[in-house]
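**Student:** Quick one: this structure, given as structure tokens, is what I'll be asking you about.
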Amino acid sequence: MAASSSSSASASAMGGGGMRKAPSMEWRWVSTEEDDEGEEDGDTVEAAAAAVGAVGRGGSFGSEEEEDEEDGGGGGEGEGEGEDGEKQKLIRTVPSVDWFDVEGYEVSVAQHIEDSEEFDFGRTMFLALQTLAVVFGDIGISPLYTFDVMFSKYPILGEEDVLGALSLVLYTLISMPLVKYVLVVLWANDDGEGGIFALYSLICRNAKVSLIPNQVHSEKRMSSFRLKLPTPELERSIKVKEKLESSLLLKKLLLGLVLFGTAMFISNGVITPAMSVLSAVSGLKVGIPNASQGLVVMISVVLLVILYSVQRYATSKMGFALGPSLLIWFCCLGGIGIYNLSTYGPAAFKAFNPLYIIYYFGRNPFQAWLSLAGCLLCATGSEAIFANLSYFPVRYVQSMFALLVLPCLVLAYLGQGAFLIANQNSSEQIFFSSIPSGVFWPVFLIANLAALIASRTMTTAIFQCLKQSIALGCFPRLKIIHTSRKFMAKIYIPVVNWFLLFSCLGFILLFRSIYDVGNAYAIAELGVMIMATVYVTIIMLLIWETSIVKVLSFVITFLSLELVFFSSSLSSVGDGGWALIIFASGILMVMFIWNYGSKLKYDSEVKKKLSKDLMRKLGPNLGTIRAPGLGLVYSEIVKGVPAIFGHFLIALPAIHSIIVFVCIRNVPVPVVPQTERFLFQRVCTRGYHMFRCIARYGYKDKNQESQSTFERLLIEGLEKFIQREAVELSLQSGDDIDSDEEPPTPSRTIVAPNGSLYSLDVPLLADFVPSAEVIPEASCSTPQHDPVVDYTQNLELELAFIRQAKQSGAVYLIDNPIVKARKNSWFFKKLIINYFFAFLRNNCRRAMMSMSIPHTNVMQVRLTSYV
């Protein structure tokens with residue numbers, strides 16, 4: 001049992017060094033034969049051994065040999081002999097974790113409420129009001145304009161037309177918002193996050209479909225990646241995953257669809273305020289018959305300017321006013337509907353018979369087909385229900401829609417149908433014309449307030465969508481302001497806010513009526529709906545593992561309906577849809593150019609990364625000097641040494657005493673727990689204090705902490721990484737250490753006047769084992785070492801070394817490359833990269849501006865990369 005005793009002694013000795021002792025259950029001794037028989041037991045032990053071995057050997061995190069071999073290994077196993085002379089190995093029984101607990105910085109995580117959480121009555125009522133204001137504001141405005149747009153091109157010819165149109169509206173309202181979104185799509189959320197990019201992120205987390213190959217194997221062990229589905233037992237799900245991962249065409253198609261859907265969603269966010277406010281203010285012509293359309297447009301412009309001017313201040317405190325306002329609005333919708341049904345008779349209830357839809361198309365097929373675009377407006381806001389899901393549990397949203405929102409909307413449409421049956425010549429301002437005269441002005445004011453709330457809700461959803469797209473590399477970086485300390489999802493993007501305002505005003509001033517704006521509205525809504533159908537279908541196949549019958553039923557039913565609606569809306573392209581198509585195309589081009597240029601830039605950086613051999617040559621040739629301080633080298637690549645470091649050495653042949661290659665990586669999850677933020681590994685041998693650090697953020701996280709906080713977190717994480725590394729090395733067998741390790745190499749260590757330590761004229765990647773004590777100036781020593789004592793001494797010295805480097809200050813080395821197309825590239829590539837992408841890069845927010853780094857601590861290296 002000599003080996004066991006040695007391991008125990010090592011652990012005991014290391015405990016005096018201030019390190020956290022590894023639990024004994026993580027390790028066990030096995031015979032070599034037993035280990036060989038169990039080689040096929042799974043990748044867990046092998047991956048763990050590889051991770052420990054890589055640390056023990058001082059392996060490079062980014063070396064080219066390790067890019068595709070992270071699951072191999074065996075290098076972390078200690079060897080010894082049992083009582084019978086049997087060869088034994090010390091192996092891990094649990095996976096080696098390469099992320100480390102980091103404490104001290106409190107992040108205000110969005111308080112998404114789980115379905116299982118119990119609420120008291122007061123909390124429930126507060127959430128009910130918040131849900132109305134945040135989730136259902138957009139769909140609650142649809143009764144203002146649905147019938148107006150449906151009957152804008154052809155007059156009502158009889159009761160059958162009204163019943164047919166009303167039946168279309170009722171069943172569209174039931175099929176799209178209720179069945180598709182509330183009952184199905186809401187369950188496709190990404191840990192509570194909704195929206196088109198959340199669907200894409202969910203797929204990216206379960207299949208490697210991203211075009212930028214910056215995934216890290218260890219991310220699969222993050223808590224957010226621990227999904228129960230898909231299970232490997234279902235062959236269909238595995239085949240779908242393999243097909244998506246192996247086909248470059250499918251990857252590009254998925255990305256193209258999500259970019260198209262996002263462009264349509266942003267366009268929807270521009271049309272919604274224009275349509276909502278303009279239709280609400282248009283009621284003024286019913287109360288004041290002499291009011292002109294110019295007055296309506298002017299008032300709408302003023303209201304929109306006020307709305308976007310206070311958008312930044314519309315935080316959760318305003319929920320106390322917005323929620324009750326929407327509750328009053330829905331009650332008005334239901335109350336007016338009941339009044340009209342009691343006044344004009346219950347004939348509108350016949351519209352629940354779907355045969356009236358057939359009669360409607362039979363009487364005038366072309367007119368009925370054209371009215372489908374207007375009919376879809378009753379479902380506008382369905383995507384906003386999903387996009388604004390992050391604040392509330394799914395079942396709560398479902399209950400609110402089924403018990404309050406849907407009944408009020410159905411009553412409102414039934415009441416308008418009853419009014420139209422009795423007043424078939426009134427095809428304009430139907431909602432306001434059906435209001436009892438005694439309550440007209442109060443309802444008019446509440447309608448305008450509800451329209452403003454719906455517009456604000458949609459704008460907030462646009463902010464969330466763009467934040468997700470920026471995090472996933474599909475939109476230029478913008479300044480993002482968090483307006484609430486309690487809810488992380490409440491954000492404000494100044495540039496986007498003013499862009500939406502001017503775009504919205506442009507639509508209003510261009511068309512000046514709800515009919516032309518409504519035609520564009522239908523196109524935008526349908527574009528988002530179709531993309532949601534496609535992505536939810538993929539999620540059903542890949543993640544939910546739904547039966548093929550249910551999948552086919554879902555995709556055939558809803559995709560067919562949406563394509564029919566879409567064909568009708570395309571017929572009105574000349575009436576107003578053309579402006580939206582041009583606007584959405586512009587947004588799509590911006591996203592495509594940014595993603596395309598970013599991918600080429602990343603590929604160029606990967607090709608230029610430095611190899612170990614080149615690093616060895618650079619060190620001695622430049623006479624590298626270790627200067628006191630902490631050097632943080634930022635790059636986007638997750639493996640290897642970035643080319644910027646080589647250029648830095650050529651220009652200034654000196655490196656700091658501690659070098660950390662930092663990569664800010666956005667992973668396809670909403671939030672990365674603070675305990676899983678950093679991933680560390682050594683880049684070269686232990687004596688030269690060079691590390692790789694990947695700081696991981698979700699698309700909902702606040703990127704990034706302040707400079708001082710980030711430095712503190714990084715140093716704490718680095719110290720814990722070194723401590724854990726020393727513990728794992730100490731648990732290896734002493735025999736293994738004696739046989740495999742080279743004897744320590746002497747090194748000259750200098751004591752600077754300020755007390756800091758640094759080495760002079762040392763090859764960059766030479767072996768270096770520091771001694772336990774500070775060596776006097778210009779003196780050398782070769783200590784006779786015991787492995788356990790050496791690990792303890794090296795740990796203490798390295799921790800002291802890091803603290804001294806921290807006291808000397810940190811310098812940020814940032815790459816600011818210029819990307820250009822090669823001279824022999826085709827014309828359009830030169831146009832995209834040299835002009836459009838360069839313009840976006842020069843005008844977007846710099847990656848490091850959010851950390852508030854003092855200019856005196858920043859060194860920027862600008863390299864020209866030809867792609």
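The backbone N, Cα and C atoms fix where each Cβ goes, and this holds for glycine too.
Annotation source Swiss-Prot lists compositional bias 'Low complexity' at 1-13, 45-54. Here Swiss-Prot flags 32-44, 63-84 as compositional bias 'Acidic residues'. Look at Swiss-Prot and you will find ASN340, ASN425 tagged as N-linked glycosylation site. Positions annotated as region 'Disordered' by Swiss-Prot: 1-88. According to Swiss-Prot, the topological domain 'Cytoplasmic' annotation covers 1-124, 189-252, 307-317, 387-400, 455-490, 594-867. Per Swiss-Prot, the feature topological domain 'Extracellular' maps to 146-167, 274-285, 339-365, 422-433, 512-522, 567-572. Feature annotation from Swiss-Prot assigns transmembrane segment to 125-145, 168-188, 253-273, 286-306, 318-338, 366-386, 401-421, 434-454, 491-511, 523-543, 546-566, 573-593.
Give me the structural setting of these features: burial, nearby parts and distances.
**Tutor:** The DSSP secondary structure for ASN340 (N-linked glycosylation site) is helix.
Within the same chain, residues at least 6 positions away in sequence whose Cβ sits under 8 Å from that of ASN425 (N-linked glycosylation site) are ILE156.
Distant neighbours of the topological domain 'Extracellular' (146-167): 279, 347-348, 350-354, 356-357, 359-361, 363-364, 367-368, 370-371, 373-375, 377-378, 413-414, 416-417, 420-421, 424-425, 427-431, 514-515, 518-519; these residues of the same chain sit at least 6 beyond its ends, with a Cβ under 8 Å from one of its Cβ atoms.
Residues in the topological domain 'Extracellular' (274-285) partition by DSSP class (helix H, G, I; strand E, B; coil) as 10 helix, 0 strand, 2 coil.
For the topological domain 'Extracellular' (339-365), same-chain residues at least 6 beyond its ends with a Cβ under 8 Å from one of its own Cβ atoms are 154, 157, 159-168, 170-171, 411, 414-419, 421-422, 434, 436.
Residues 143-145, 147-148, 151-152, 155-156, 158-159, 162, 282-283, 285-287, 344-345, 412, 416, 440, 444, 447 of the same chain sit 6 or more residues outside the topological domain 'Extracellular' (422-433) yet have a Cβ under 8 Å from a Cβ within it.
Sequence-distant contacts of the topological domain 'Cytoplasmic' (455-490) (same chain, six or more residues past either end, CB-CB distance under 8 Å): 107-111, 133-135, 137-138, 193, 195-198, 200-201, 204, 212, 255, 258-259, 262, 265-266, 268-269, 272-273, 276-277, 304, 307-308, 311-316, 322, 384, 387-388, 390-391, 496-497, 500, 590-591, 594-595, 598, 666, 668, 671, 697-703, 840-841, 843-847, 849-850.
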**Student:** Counting a contact as 3 or more Cβ pairs under 8 Å, with residues at least 6 apart in sequence, do the transmembrane segment (168-188) and the transmembrane segment (401-421) touch?
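**Tutor:** By the criterion, they touch.
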**Student:** Top stretch among 253-273, 401-421, 434-454 for CB pairs under 8 A with the transmembrane segment (573-593)?
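**Tutor:** Highest pair count goes to 253-273.
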**Student:** Can you work out the mean pLDDT of the predicted model over the topological domain 'Cytoplasmic' (189-252)?
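**Tutor:** That region's mean pLDDT is 75.
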**Student:** Using a Cβ-Cβ cut-off of under 8 Å, list the residues of the same chain that are 6+ residues beyond the ends of the topological domain 'Extracellular' (567-572) and lie near it.
**Tutor:** 369-373, 376, 519, 522-523, 526
**Student:** Tell me which residues of the chain lie with their Cβ under 8 angstroms from that of ASN340 (N-linked glycosylation site), as long as they are six or more apart in sequence?
**Tutor:** LEU414, GLY415, GLN416, ALA418, PHE419, SER434
**Student:** Counting Cβ pairs under 8 Å that are 6 or more apart in sequence, does the total for the transmembrane segment (366-386) and the transmembrane segment (286-306) reach three or more?
**Tutor:** no
**Student:** Going by DSSP, how much of the topological domain 'Extracellular' (146-167) is helix, how much is strand and how much is coil, in residues?
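**Tutor:** Across the topological domain 'Extracellular' (146-167), the residues distribute as 14 helix, 0 strand, 8 coil.
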**Student:** Do the transmembrane segment (434-454) and the transmembrane segment (523-543) share at least 3 Cβ pairs closer than 8 Å, excluding pairs fewer than 6 residues apart in sequence?
**Tutor:** no
**Student:** For the transmembrane segment (253-273), which partner among 286-306, 318-338, 401-421, 491-511, 523-543 gives the most CB pairs under 8 Å?
**Tutor:** 523-543
